[in-house]
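Engineer: Below is a structure I'd like to ask you about.
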Amino acid sequence: MSASGFTSPFGANSNPFGSPEERRGVAGSIQPVLEEEEADGIGSEPISFKSPGFRAPFGGGDANSEGPPSSRPQNPDGYPAQYNFARRTSVSAESLKPIADSYDNWTPPFHPKSAEQLDRLKKAIQGNFLFSHLDDEQSAQILGALVEKPIPAKDIKVIVQGDAGDYFYVVEKGKFSVHVNSSGVMQAGTQGLGDHVGTIEAGGSFGELALMYNAPRAATVMSAEPNCVLWALDRVTFRRILMESTFSRRRMYENFLEEVPILSTLTAYERSKIADALETQKYPPGTVVIKEGDPGEDFYLLECGEAEAFKAGIDQPVKLYKKGDFFGELALLNDAPRAASVVSKTEVKVAALGKSAFQRLLGPVEPIMRRTRYDAIKTGVEEMDPLQAA
């Protein structure tokens, strides 16, 4: 569906969000969005509205209910206000390519913010399911990419029920009313907005499902007072930030995994599966990451920082771990108790993999041991993993 198929929800008011072309233009090797008319309508789950601090995933609408018929206008200047309401919009998303495979120099957009604004925005997004798994670097990039959108007047429609969505919004100032029409789309006339179901105030957010795919909005959100302020993030920027950081991290993990003796013969595909399953954990200085005597359950890659291994009865550390080192790999083979403790010397970030996750992805470890002939290695095991008893 072309961008011209969407009518601005702002009507006679000036549109502070820019033209569709401006909003959708992103540098980099981004493929066009392909949308199709579908034989069956796309439904959406019921939405629970709360006030104040209301958040709702405005990403889907009830396409089974047909809106008023649409037709092309007689004049060539634009489409009628109801043109898009009768159309069923498929769920789609842009095809993006990592920078390592495309020779562009894309960098995340950055819009300066005060310390107070950053704190409010961070609190607004940290409880949202789309942002809960982000690491510090990704969160900083997301916060930097949010762009300010002043809403100067009352009754300006920010999103319109039934329209395709591509922006997520955080409210910094003002109030916004939420309306839902039972037909699934906003209708013409004074009653076309539907029922008022909630109010979004400062610190609230809406439209998060637009960051995942291009689906019809499930509600209309409009300013309830003048001089409101929103911060907006578009889907392409969000997905690009996540894709680039995830791609870089996976490549780093795969390089680390190549250095692990019992995993050295994994294929590239197997390493990529393991890399995707690694879970990032952070520990402040002085934290016991692994305790001597505990059963060996997890294998760790050290992303950054330093950690030390200690054994009971020995005052000095038996080993120092730095970025790129690994420990606890024999936990993938058995559940024997740890023979040493690992304590973070500085703040550390590790990537952890449990034995159960490893077996779920690649099956039993024994075939891999046969591949590497790890059973035959009897000497030097303590040097490779001082956490495992001899």
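From the backbone N, Cα and C atoms, a Cβ is placed for every residue, glycine too.
Quick paste from Swiss-Prot:
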BINDING   262-383  3',5'-cyclic AMP 2 binding site
COMPBIAS  1-17  compositional bias 'Polar residues'
MOD_RES   S90  phosphoserine
REGION    1-129  region 'Dimerization and phosphorylation'
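Tell me what's around each of these sites.
Structural biologist: When Cβ atoms from all protein chains are considered, those within 10 Å of L278 (3',5'-cyclic AMP 2 binding site) total 21, not counting its own.
Mean model confidence for the region 'Dimerization and phosphorylation' (1-129) is a pLDDT of 51.
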Engineer: So, three-state DSSP: helix, strand or coil for F310 (3',5'-cyclic AMP 2 binding site)?
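Structural biologist: Assignment for F310 (3',5'-cyclic AMP 2 binding site) reads strand.
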Engineer: Fewest other Cβ atoms within 10 Å: which of the binding-site residues I262, V342 wins that one? Let me know.
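Structural biologist: Among the binding-site residues I262, V342, the lowest count of other Cβ atoms within 10 Å belongs to I262.
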Engineer: Secondary structure at I262 (3',5'-cyclic AMP 2 binding site) (DSSP, helix/strand/coil)?
Structural biologist: helix
Engineer: To which of the binding-site residues F310, F326, F358 does the lowest count of other Cβ atoms within 10 Å belong?
Structural biologist: F310
